[in-house]
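Novice: Shown below is the structure under consideration.
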Ligand code: LLP
């Protein structure tokens, strides 16, 4: 459920009509709903009520500091994968003790900065990383809390580019070697072993792969305890999928996911950490664009928008489906007709949808991409010298620009001409 509904024939974000935002900031833009973000965070928090837990929002899904503050103020922790994301979490007021640091390639500088600033736990993905953390922490005279990310060799049954839990993927330490690496961790100075971490992929639409991975984590935890390690936390990663179409997709609900976690891991008495990104932010955001031209081609019509693959790359990168709806509800009796919905970027891959039935629209009309709050703005680029588009946050009947559209002067000011050409 989200808070983007038609009222009097006009699509609203909470109580704000989208044309009002479009008039104020221009198109294209991203818009997020505070109420939907809040609701989705609470679904996870309540799914684990009764179990000691921390819901750490995966910042990679949506890293706007205002969005992070909405969640941080509700008590969310944060999962970061770069020191840039760490700075964003801190800027949103989230303390280090609620930030976990994941990622397969943390640099020494990043490790040091996180240790200086305070960190809840590093999710360690290799022996060299483990040794570097030990060296840096011991040198600073501090102890780094760590969990090892294990690779359980489980097929997440999702898009191959976002599956991470198979042995051929670059992520984690093979679960078969985990005891050996935990033994080394226990011997290293500056390291405190606190838990086990796993993340098998994103946009999972069934619980079975999670259950398979968590069952392996439960077995490993028992073995590690028998080896003498204090395992007090289990970080289960993110990955619960969302419905991208309003019709037939019904991924499992957070409450069922929570129940399955308790079933598979509840007996261990560990604190549970989860790292959802997409389910919290995805359906809490829209991308709003305008029609530039309608164009008739050979046997097909094109709807050319002012948003492009550089603003929302998911359709061209993963062949992902996003529902695209008119902001003004079509009058009854207007038949939808199939169109290719494209952006202005100079490649054929800049296609959002092929032969999508759409009501008749004209230049200047607004459309909204649903499910664009996660992996939307964060993956945008300035390809074709198209400045990054603004982000807007709605709260009831207010809205605020939470990232402004840069001017062309600002965009150009980042480049410099070397002295020898001046
Ligand atoms: N934790 C770790 C260690 C992760 O790598 C990820 C996502 C998450 C948590 C959050 O997963 P979520 O709950 O959002 O599924 N750009 C792709 C998605 C990449 C996901 C990468 N890792 C897309 O647009 O579909």
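Each residue, glycine too, has its Cβ placed from N, Cα and C.
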Novice: Check TrEMBL for me: it has 278, 314, 318, 347 binding substrate, so pick out which one of 257, 375 it puts in that same site.
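Specialist: Within the candidate list, TrEMBL flags 375.
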Novice: Can you find which of 239, 343, 349 TrEMBL lists as binding pyridoxal 5'-phosphate at the same site as 275, 276, 277, 278, 375?
Specialist: 239
Novice: Given a separation of at least six residues and a C-beta threshold under 8 Å, show me what packs close to residue 347 (substrate binding site) in the same chain.
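Specialist: Same-chain residues close to residue 347 (substrate binding site) (Cβ under 8 Å, separated by 6 or more) are 309.
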Novice: Tell me, how many other CB atoms lie within 10 A of the CB of residue 346 (active site, proton donor), whichever protein chain they belong to?
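Specialist: I get 9 for this one.
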Novice: Report, as a single number, how many Cβ atoms besides its own are within 10 Å of the Cβ of residue 60 (N6-(pyridoxal phosphate)lysine).
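Specialist: The Cβ of residue 60 (N6-(pyridoxal phosphate)lysine) has 22 Cβ neighbours within 10 Å.
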Novice: Checking the recorded positions 60, 239, 275, 346, 375, which are within 10 Å of residue 314 (substrate binding site) at the Cα level?
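Specialist: The recorded positions close to residue 314 (substrate binding site) (Cα within 10 Å), listed in sequence order, are 375.
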Novice: Looking at the recorded positions 239, 278, 346, 347, which have a C-beta within less than 6 Å of some atom in ligand 1?
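Specialist: Among 239, 278, 346, 347, near ligand 1: 239, 278.
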Novice: Can you name the residues of this chain that are 6 or more positions from residue 375 (pyridoxal 5'-phosphate binding site) yet have a C-beta less than 8 Å from its C-beta?
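Specialist: Non-local contacts for residue 375 (pyridoxal 5'-phosphate binding site): 60, 61, 277, 278, 282, 314.
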